[in-house]
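Annotation comment: Swiss-Prot describes R274 as active site. What Swiss-Prot records for Q97, H99, E134, H255 is Zn(2+) binding site. Taken from Swiss-Prot, the feature N6-acetyllysine applies to K280.
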Amino acid sequence: MQKLINSVQNYAWGSKTALTELYGMENPSSQPMAELWMGAHPKSSSRVQNAAGDIVSLRDVIESDKSTLLGEAVAKRFGELPFLFKVLCAAQPLSIQVHPNKHNSEIGFAKENAAGIPMDAAERNYKDPNHKPELVFALTPFLAMNAFREFSEIVSLLQPVAGAHPAIAHFLQQPDAERLSELFASLLNMQGEEKSRALAILKSALDSQQGEPWQTIRLISEFYPEDSGLFSPLLLNVVKLNPGEAMFLFAETPHAYLQGVALEVMANSDNVLRAGLTPKYIDIPELVANVKFEAKPANQLLTQPVKQGAELDFPIPVDDFAFSLHDLSDKETTISQQSAAILFCVEGDATLWKGSQQLQLKPGESAFIAANESPVTVKGHGRLARVYNKL
């Protein structure tokens, strides 16, 4: 068991106050503190103190003895810690994104390598051959968009802006997946006068429309007034997660985080196809090829946890990670898994034991538990989040 020393990513959309208010993390230079990373991602691995008292990279520690630390099955299947665990603090909307599935990621990665596109090139889509499933768990009220609305709902929301673009009128005449695909691509392709006119019609509709999703469009327009992604809340479900609610983000499904603080767990991948609310490169043909144009009702988007005593287990449809919450009390309980785990203290305090070793976690602190250290004993007050594997 080792306490993690984690890095903060200072992306421009991050909150300058959330990590300080929630977890007392100092921010003397008033930087945006967008994401706290827990894991062994090559871009920014957590660090731990070794037996000699030196601070070393968790990635290097794992690399030196994968089977023991990750567990035999995970080491064989993934060859590394297969997940990245984050605290995400959004003060501004993030870009609308789509993550390709595993098969397309492998093909796209090989194709871009063969074409000699540098890894850091703006037009590079595939940074690795992996998929990027994600789970988001709200710590504060959390606003997001996820998946296409039911087509009948899109039709009624598009009525006030029917004249903004011919592709909108086409979809209204025949609301099916093919027309939605054309509409999605057409809105992203808009340039110059065509784009100005469409956005003017949308903004004029804002004057007469109340409630959602118009309120979300107003919020986004404060940050991206000239982005065609402003139409996206009319097409995608706007989801408000209450603290303690979670949502899984499937491959090939457009989504965006807009505002709030959440825990996020994902597979170790940087594969992102952008779809608006960004000044960055958008590869529209590649994006459209990787989107499933199917509706998903908003009431099916939340992940329903399964309660097992003091544990809440959130079912995850992939092997890359598992996620559960543990409510602590003075009564000792054990936490066990056949893999490595990262434990994060969400609130309160936790004491962990393994043999003669004892570790205390305060809110915002986290620990790495190697596979060969399972089970560990825990007690305290408040709540622990656990990310691990069920292989």
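All residue numbers here begin at 1 and follow the chain in the order shown.
Cβ from N, Cα, C; glycine included.
Where Swiss-Prot records a feature, it is marked here on the structure.
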residue	record	Cβ within 10 Å
Q97	Zn(2+) binding site	22
H99	Zn(2+) binding site	27
E134	Zn(2+) binding site	23
H255	Zn(2+) binding site	24
R274	active site	22
K280	N6-acetyllysine	9
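Within 8 Å of the centroid of the Cβ atoms of Q97, H99, E134, H255, where the record puts Zn(2+), the same chain has further Cβ atoms from V98, K132, L249, T253, P254, V272. For R274 (active site), the recorded positions whose C-alpha atoms fall inside a 10 Å radius of its own C-alpha are Q97, K280, out of Q97, E134, K280. Ranked by CA distance from K280 (N6-acetyllysine), the binding-site residues Q97, H99, E134, H255 have Q97 at the top as the closest.
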